[in-house]
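Asks: Let me begin by handing over the structure; questions about it come next.
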Amino acid sequence: MAFRLSSPPSSAAAAEAWKWLGFVTAVWVQAISGNNYTFSNYSDALKSLMGLTQLQLNNLSVAKDVGKAFGLLAGLASDRLPTPVILLIGSVEGLLGYGAQWLVVSRRIQPLPYWQMCIFLCMGGNSTTWMNTAVLVTCIRNFRRNRGPVSGILKGFVGLSTAIFTDIAAALFSSSPSSFLLLLSLVPFAVCLSAVLFLRESPPPAPATAAAAPEDPKDEPRYFGAFNAVAVAVAVYLLTFDVTAPHGPAFSRVFAAGLLVLLASPLAVPAYCFLKSLTSSGGPSLGGSDMEKQPDRGDLAEPLLRQEVVPESQQKPEVVEEAAATEKRRPAIGEDHTIFEAMRSVDFWILFVSFLCGVGTGLAVMNNMGQMGLALGYADVSMFVSLTSIWGFFGRIGSGSLSEYFLKKAGTPRPLWNAASQILMAVGYVILAMALPGSLYIGSIVVGVCYGVRLAVTVPTASELFGLKYYGLIYNVLILNLPLGSFLFSGLLAGLLYDAQATSTAGGGNTCVGPHCYRLVFVVMAIACVVGFGFDVLLAVRTKKVYAKIYASKKPRKVGSDGQ
């Protein structure tokens, strides 16, 4: 019998171990896929090297975010291509996109024409959509009963990825923009290769298998708790490194090694599961397994709210007629929607617009953090980039777990968490507009937390309202808000208002110093967040009955004896 690395064990317990190993590699992919949020770390080098105005620089950042618009291709591919192929496409595209930027910033080649730089930044931005789609869709389907924690953990590590890249670059390369871009080119490519080997969609267990080896319902929350603990430890570790700067070369290398050990520590979960499989079955089989192949798409259509099916022979004639008419009606909220059915729903557009108000304004801050810091007199803005990233992590991981807890305990609609984040984000923009001493520190933290909540809560919300069957495409339509929001709030609003206040420089660019440079930008974004708050409250009211049904469907699983 031949041993193959890609063939997981066939026993149910060992299959669980391989599923958790796939989740570990998914965490690693997310920990390096937030490179779209690192533009501020090298934007000033691009601006001076290419002699750009702030509007031109902001349009480069928009080109980066426009790459996410082509994430629709990743969404379509997620229902047709296996997870490893999707990961490979994203990793190769990122290698090319960020590799070309590294060649320019490191001066190994002459600066490329502006339109060519836009294309390479677009490729770099699009690469993350393939990685995120592969990871999110696969893991939410593998752990469909714990969507909140899955989303919170994965999106949390995306938030940390900016700080991970920034701090490692600062520790090893003294924040060199060219070395930073080299990391963005090579590290995601290498990590995705590891995920290609282990991340697979696992089909739902057959009834006979589930009866023979029922899964302990307490296992998944306990394992997710371990992942949360590791994520918090990584965040605190990064935050400690930031607030105790500057550091010597030796300490910085020790820090980088410790960070790698922390990121490897989640391997303890699949190792524990694998040991359980050895003791429960006397040793794992090395033969083929159902996990080698992609699950049938019919399996992925399992709805969150199940309906009782009555045989047609036992139905009354009028019931049969009503069932035939029901097949032609549009699906209700909570049932599986195609993308066209979802886009005909009022609730989809309420979610879309509220998402735009949150992530669009948050991206404007992240893309312009370099110039915001310089305008307020800070020569090095890497601290604020890391603060936004780390506190964004706390927002993502905390909201994912808390929203799941209150949904199970009280049926609290997830959109209410988005509403709370929107109003708090508006307060953060008011603080930034006041430009008081320390306001950039406070604003960076508040915006990071709220942006993280917005991303982490919207992911499971979309799957609960519109189903899992076509979730990959629906998710990528929703994140069209990233390029759209970047264009509206960063490219137009921040770019035009900054240039109106700036003075020209000798190199052909411009600069602005003082709190007036971005004050009006922050005021407009605060108003946009208040509008988003209203839409989130409206969505919570409209979907209250759906979440009441989800709450009712989750209650029996806690006390049932069937392992479900």
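Glycine is treated like the rest: Cβ placed from N, Cα and C.
Whatever TrEMBL says is automated annotation, not expert-curated.
Per TrEMBL, the feature domain 'Nodulin-like' maps to 19-270. As annotated by TrEMBL, transmembrane segment applies to 85-102, 114-140, 152-173, 179-199, 223-241, 253-275, 348-366, 372-394, 473-498, 518-541. Taken from TrEMBL, the feature domain 'NFD4 C-terminal' covers 341-547.
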Asks: Taking a Cβ cut-off under 8 Å, which residues six or more beyond the ends of the transmembrane segment (348-366) line up next to it in the same chain?
Replies: 37, 39-40, 65, 342, 372, 385, 388, 415, 418, 421-422, 425, 429, 432, 443-444, 447, 450-451, 454-455, 458, 461-462, 465-466, 478, 481-482, 484-486, 488-490, 493-494, 521, 525, 528-529, 531-532, 535-536, 538-539, 542
Asks: Excluding the flanking five residues on each side, which residues at least 6 beyond the ends of the transmembrane segment (223-241) place their CB within less than 8 Å of a CB in that stretch?
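Replies: Here the qualifying positions are 20, 23, 27, 146, 149-150, 152-153, 156-157, 160, 163-164, 167, 171, 247, 255, 258-259, 262-263, 265-266, 268-269, 386, 390, 393-394, 397, 401.
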Asks: Compare 114-140, 152-173, 253-275 by their Cβ pairs under 8 Å to the transmembrane segment (179-199) and return the stretch that comes out on top.
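Replies: Maximum Cβ contact count belongs to 152-173.
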Asks: Using a Cβ cut-off under 8 Å, which residues of the same chain at least 6 positions beyond either end of the transmembrane segment (152-173) come close to it?
Replies: 26-27, 30-35, 37-38, 41, 132, 135-136, 139, 179-180, 183-184, 187, 224, 227-228, 231, 234-235, 238, 241-242, 245, 247, 252-253, 255-256, 259, 263, 382, 385-386, 388-390, 392-401, 403-404, 448, 452, 455-456, 459
Asks: Mind checking which residues reach the transmembrane segment (253-275)? Cβ under 8 Å, same chain, six or more beyond either end.
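Replies: Distant contacts of the transmembrane segment (253-275): 13-14, 16-18, 20-21, 23-24, 27-28, 31, 164, 167-168, 171-172, 223, 226-227, 230, 233-234, 237-238, 241, 247, 284.
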Asks: Report the mean pLDDT of the predicted model across the domain 'Nodulin-like' (19-270), rounded to a whole number.
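Replies: Mean per-residue confidence for the domain 'Nodulin-like' (19-270): 83 out of 100.
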